[in-house]
Amino acid sequence: MFPEYDVIVVGAGHAGCEAAAAAANMGSKVLLATMNMQTIAQMSCNPAMGGVAKGQIVREIDALGGLSGIVSDKSMIQFRMLNRSKGPAMWSPRSQNDRHMFAWEWRMQLEALPNVDFWQEMISGLIVKNGKVCGVRTGLGIEIPCKSVVLTNGTFLNGIIHIGEKKLGGGRTGEKAATGITEQLVELGFESGRMKTGTPPRVDGRSLDYSVMQEQEGDENPSKFSYSKQTTSLTKQRSCHITYTNQAVHDTLKEGFDRSPMFTGRIKGLGPRYCPSVEDKINRFAEKERHQIFVEPEGWNTVEVYVNGFSTSLPEDVQYKAIRKIAGFENAKMFRPGYAIEYDFFPPTQLQLSLETRLVKNLFFAGQINGTTGYEEAACQGLMAGINAHKAAKDHEALILKRSEAYIGVLIDDLVNKGTEEPYRMFTSRAEYRILLRQDNADLRLTPIGYEIGLATEERYQDMLLKKHNSEKLVEEIKNTKIKPETANEILEENGSAPIKEKVVLYNLLKRPNMEVSLFAEKVEEIKTLIEPYTQEEIEQAMIEVKYRDYIDKEEQMALKMTQLENMALNPDFDYKKIQALSLEAREKLSKLKPATLGQASRISGVNPADISILMIYMGR
């Protein structure tokens, strides 16, 4: 009934879709197995992509040849570049999306790939022979052979939904949980744990009073995620709105605490620290008089609204009473209550940096199964697992991105070397090379890698080379352009910058704070003519290069030093217990995690700089 597939992907959420698309586009014959083909690529929580650090990840996925950026652009209803008031390392693209268009667009992208087959059924087990996965077993007992497997189970592994004192099995509201895989993996020697996440109620937008809320419009000149010509920026957008909780809301919520599964101890799993439930917020931050609520439309042509900031597992009657005390929500009609969900995950220290498991060869994990939270975090893991599952099926060397190359590299390195006790989400602060890892240069960093492995297209590669050439050419032209005091001083003084007394190179003026080439182009014909041939993206790239070159140089030097440690390979079979000079914790952690390089060893929690020095001495370095 089934051929032997190169790659079988279990689960069709954000991670599974990226994994299937990547492996298929690289030439693998792929089977994407899902319990329900009507729920492929669901936005289970908020209808948005990107945000701080997450937007950089979406652009990195796109630069490598993944599809999340294209799908996000095609389903976008609003675009905002966050943190524009800060330096470019902090700029983060974010979109509001049409939930149904997003899922539909993902399905269209997958169905357009001849190498992807679909199968609708629960996968209940793996076929493992001699320590290597060689197929999957379905709930009906069908065995499907393959060379590698990617597990992207999301919140479905033994999922339990909590609403007040009610508890029901499920991986998402209205969908059953997945069973069998956790139990088999534990039998094989894997360690498992439980995590929790939650979602807010959805309400009828027709019942809200937006006049008392603060409107939050999209950017005046919206950008997009994808570097591809397949997508265009929005010409019209839908607004979001901001309102706040108040003391009456808090008091009403507190009335339900005795029936809250979080406070009564029925929920054992840890929830996401940076996306707490509303009851957790008012309990932990009792001194705060109000908490911000973002009112987000679910799409172009729907009245359904997502109440961002009001995630809860309190009883539905308490949710209803409390939500109606928020300004603008006095007459709110609820479509469905919020809920919490508990699910199995597997501590990611059981993985290699390729996302292949240490215990079972050619078996890869991606997404929430690894303890992460967020669509973007899941999608990038799916992309890397799909790439490496394809490579494993073909007996090729795995692709591993460095911390200095991508936020994706930071995320996977953190998971594998440090593990996580709570749902992990990405922040710019987690990256030590964030000036190198900007959202504007993801294509310059990663498209050459995507092209080399056969994922990014020739057209994308040539577009990247053209952008690189043109932005470098513009920087050189700026360095060779001199500007007279009588031309420059008016512009300088208008923008609070000291005047000049003699001809100055434009490059030096643009290094000053608040000085942009566009300010000079508005008033100086020569400079207007200079930048006219270039795209906005090329101009922005050149300006970042002009202003931040000194900082970029410093980070590149730091990254080079770390690369030297990364190039010092460690024997995976080395016996660390015999080096008594190492701390006991270092011996235990190094023996368990078996780092591939000295650089990886240096980032393991519990391994200190003294331990690394001892290893270097032992290696004769």
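In case you wondered, yes, glycine gets a Cβ from its N, Cα and C as well.
Taken from Swiss-Prot, the feature FAD binding site applies to Gly11, Ala12, Gly13, His14, Ala15, Gly16. For 271-285, the entry in Swiss-Prot reads NAD(+) binding site.
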Give me the Cα-Cα distance between Cys275 (NAD(+) binding site) and His14 (FAD binding site), rounded to a whole Å.
19
Of Gly11, Glu279 (the binding-site residues), the residue whose Cβ has the fewest other Cβ atoms within 10 Å:
Glu279
Determine the minimum-neighbour residue: among His14, Arg273, Lys281, listed as binding-site residues, which Cβ has the fewest other Cβ atoms within 10 angstroms?
Arg273
Any further residue of that chain within 8 Å (Cβ to the Cβ centroid of Gly11, Ala12, Gly13, His14, Ala15, Gly16) of the recorded FAD site:
Val9, Cys17, Glu18, Ala19, Thr34, Ala41, Thr152, Gly154, Ala366, Gly367, Ala378, Gly382
Given Gly16 (FAD binding site) and Phe285 (NAD(+) binding site), what distance in Å do their CA atoms have, once rounded to a whole number?
37
Identify, in sequence order, the residues in the chain of Gly13 (FAD binding site) that are 6 or more apart from it along the sequence and have a CB within less than 8 Å of its CB; answer 'none' if there are none.
Ala41, Gln42, Ser44, Thr152, Gly154, Gly367, Ala378
If we check Cα distances from Lys281 (NAD(+) binding site), which of the binding-site residues Gly11, Ala12, His14 wins as closest?
His14
Integer Cα-Cα distance in angstrom, Asn283 (NAD(+) binding site) to Ala15 (FAD binding site):
33
I need the most crowded of these binding-site residues: Gly16, Gly271. Count other C-beta atoms within 10 angstroms of each C-beta and give me the top one.
Gly16
